[in-house]
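*Asks:* My questions all concern the structure below.
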Ligand code: HEM
C-alpha cells in the first residue's frame, strides 16, 4: 500500500502524466491525423509502429501474467497484436518487412526491460491500453470520417469482448489502487508512465518529420 500518500495510485498516474498527455494530444502528427490533413497512408505509418510496440508489450505481458502485480492488469480481452496484424493485412502491409523508427526501437527496448520489473511494466500497460480505451475510440471514428478507413482496418480500436469501456477503465483504476506497492514502487510506476508518454511523443515527432 502507498501508506500515507494523499493520492491513490490511479490519481497519481493521471496527474503525473497530465502534462505529457496534453502534449501528446497536441503533437503535430496527432493533430494533422485527427484533423484530416493526412491520408490513410499516414494512419498506416503509425499503425505499423504500433505493431512493434504491442508485440513487445504483449510478449512481456504473457511472461508476467502470473506475477502478483503485472498479472492484475494483464487481460486477454485487451490483446491487440492479432487485431493489429489483421488491420495491417487489410491495408496491404506485412510489418515484418518494416524496420521500427529509432524512437520506437528505444520504446520497445524500454518495454523489454520491464520483463524483470513488473511495476514498470504496469506503467507501459496503463499508458497504452487506457489510451486505446479512451482517445483510441476518437481516433477510430476520425479515421473512418476523414480517410474512409473501414472497420476491417480498424479492429485495433474495437474491444468487443469488453461491454462498457467506461466501467472497464474504472475497474482498471480500482485494480491499480489495490496493488500491493510500497512508496518506492509507486514512484517508479509514476516515473515509468511519464517515460512511456515521452516515448509516444518521440514516435509522433518521428512520424511528423520523416
Ligand atoms: C488523439 C489524441 C488523444 C485524444 C483525443 C485522447 C483523449 C483522451 C480522453 C478523452 C481521455 C479521458 C478518458 C477518461 O477519463 O475515461 C484520455 C485518457 C487517457 N489517455 Fe488519451 N488521448 C489522446 C492521446 C493519447 C496518447 C498518445 C496517449 C498515450 C499513449 C494517451 C493515453 C491516455 C491514458 C493513459 C488515459 C487515461 C488517463 C487516466 O484516467 O488515468 N492518450 N485520453
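Here the Cβ of each residue, glycine as well, is placed from N, Cα and C on the backbone.
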*Asks:* Among 77, 79, 173, 184, indicate the single residue that TrEMBL lists for the heme b site containing 14, 21, 126.
*Replies:* 173
*Asks:* Could you measure the widest C-alpha to C-alpha distance across 14, 21, 126, 173, the residues recorded as binding heme b, and give it to a whole number of angstrom?
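*Replies:* It comes out at 17 Å between the most distant Cα atoms.
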